[in-house]
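The region 'Disordered' annotation in TrEMBL covers 1-31, 304-324. TrEMBL lists 19-31 with the feature compositional bias 'Polar residues'. What TrEMBL lists as domain 'F-box' is 116-163. Feature annotation from TrEMBL assigns compositional bias 'Low complexity' to 306-320. TrEMBL lists 401-430, 431-472, 473-512, 513-552, 593-632 with the feature repeat 'WD'.
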């Protein structure tokens, strides 16, 4: 057995010899060995994980050439000398002899080498062409988060312009609108002018300035978020409870809506004007003596149609004036009374009442303005098709002829047609001639020409800019219940079971449509096709050119009271609670909706949604393409009278808890209030 010295490494040390002689007696006879004391070994440090430090990597790379043996170099030279096919066979054979661990190592080394940014490597034209196939904004938002190069590609205007076209977003219609509100406007009742009391002139507000151009991405974002709000959001700006003495007199009978104003006519002879941007009640127009049954809102701005003559002097004959002018009425003297004339005064001057207006009122009607002419499609003789812009607006608004502010034209049970200035609340004209209730009313786009239908069986054409009646359209044997205009043509539906097509400029009856067996309650006209519905539960489609009935549509079991017609779709609503959608031109039914438990009182649709209101107190939103139910816009009420909407706002007139209620809903993106929004929606 080895000694402890050997274990300690001290076995080779020489023995210690004493200097004392050996014969000298000593108590310690045994030899003494001195062992050096050694420091105990330091414990080894704990092992640490190997990290790919730059120094280690550089060291490994520096040592790599030294580790490579000559056989490896020979194999590499041999591999490089092979052809393409031989290389593939060489690698396939080599991989077949590798273990799974080695194959995983090879894959980790190969994967980064195979990565390619194809959008960045391609020419920008091809990259943008690839992005044009993306059909959802959420996908574009995710693409923008990949890299800086991809983010720069997504910012291209053409990409968002194409996506907006796919979703039918028109920048002129779906972009943000500038409010047409006046800081000086007060909230309350505006009384009619009292004779003898001077009125301070009001300088009209100049036209709105042009907005700076916005990017296609910003416009699409605004339109997309508005669409998302229709499906899932929206906020009620105001819910007005209008005080009425009698619940029956609080019925909202007519409504008109544009981008700035909401006008509601009530059975209690009042007209309320609300701001669509704030929801505030801005004006209450008082002047009608009985209930208001028809209103039309003329939006500010626009341009004058050159077919309307601007000469202040007109002939009194019935011959049309050359150059597209309008002829004067010869159906007896027209009774026209102006609100600023003395009480009981009757003005029989066929030249009009514009010479009685104050300068501020003349400015409100743009009487002294010079207009750049505009040309519509329906004025071209070489193009028989009508422009889409010539059709009347289903929301009850009309494009103006260049006047600085909005105007309201109304009619009611007092047989009068009144023209109002929205900014001041003053009555500009009181036009008299009807002998019974004015039941329906329309104003032609870009022309100061209004057509009113009455229970006296006549239609009357008015020049609302100069305050004069142009002509009387006689022919119906019963009350004129509804009318619709397109260009210079007007279609009227009557309780005499007939529809008639008239030329506004000449007063000629172009066609008489006979076929209904009962009273007609609704008509729609797009320039080529006329649709009519009534008490016989059928909807008839007529050719405006020939006068022939091209189809009789069935499906309702009660009165057909609502119609809307576009070049591709006809939607009908009835007292049975059903809504039917027909595809044009084959007139097949592509959607049947059981919308309400009782009568459909109002319906309107656009390219995205269908909104209906009913006597069951519900306001419902449907997808116009599939007819699928989306949601209820508001809480249930007692009954819904009218529903009208634009892209950004929806107005609901109903009775809630026994009170007349006007709700104004906004679907504008909240980005306008400084909140952060995501383009991907919710």
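Cβ coordinates come from backbone N, Cα and C, glycine included.
Quick caveat, the model's predicted, so the values are computed rather than measured.
Averaged across the repeat 'WD' (593-632), pLDDT in this predicted model comes to 94. Long-range Cβ contacts of the repeat 'WD' (593-632) within its own chain (Cβ-Cβ under 8 Å, at least 6 residues beyond either end) map to 168, 227, 230-232, 394-395, 558-559, 561-562, 564, 569, 571, 573-581, 638-645, 647, 650, 652, 654.
Panel annotation: around the repeat 'WD' (513-552), residues 378, 385-386, 390-392, 478, 481-487, 489-495, 497-501, 558-567, 570, 572, 574, 584, 587 of the same chain, lying at least six beyond its termini, place a Cβ under 8 Å from a Cβ of the stretch. Packing against the repeat 'WD' (473-512) from elsewhere in the chain are residues 307, 320, 324, 326-327, 331, 376, 378, 386, 390-392, 436, 439-442, 444, 449, 451, 453-461, 518-527, 530, 532, 534, 542, 544, 547: each is 6 or more residues past its ends and has a CB under 8 Å from a CB in it.
Residue counts for the repeat 'WD' (473-512) under DSSP (helix as H, G, I; strand as E, B; rest coil) come to 0 helix, 25 strand, 15 coil.
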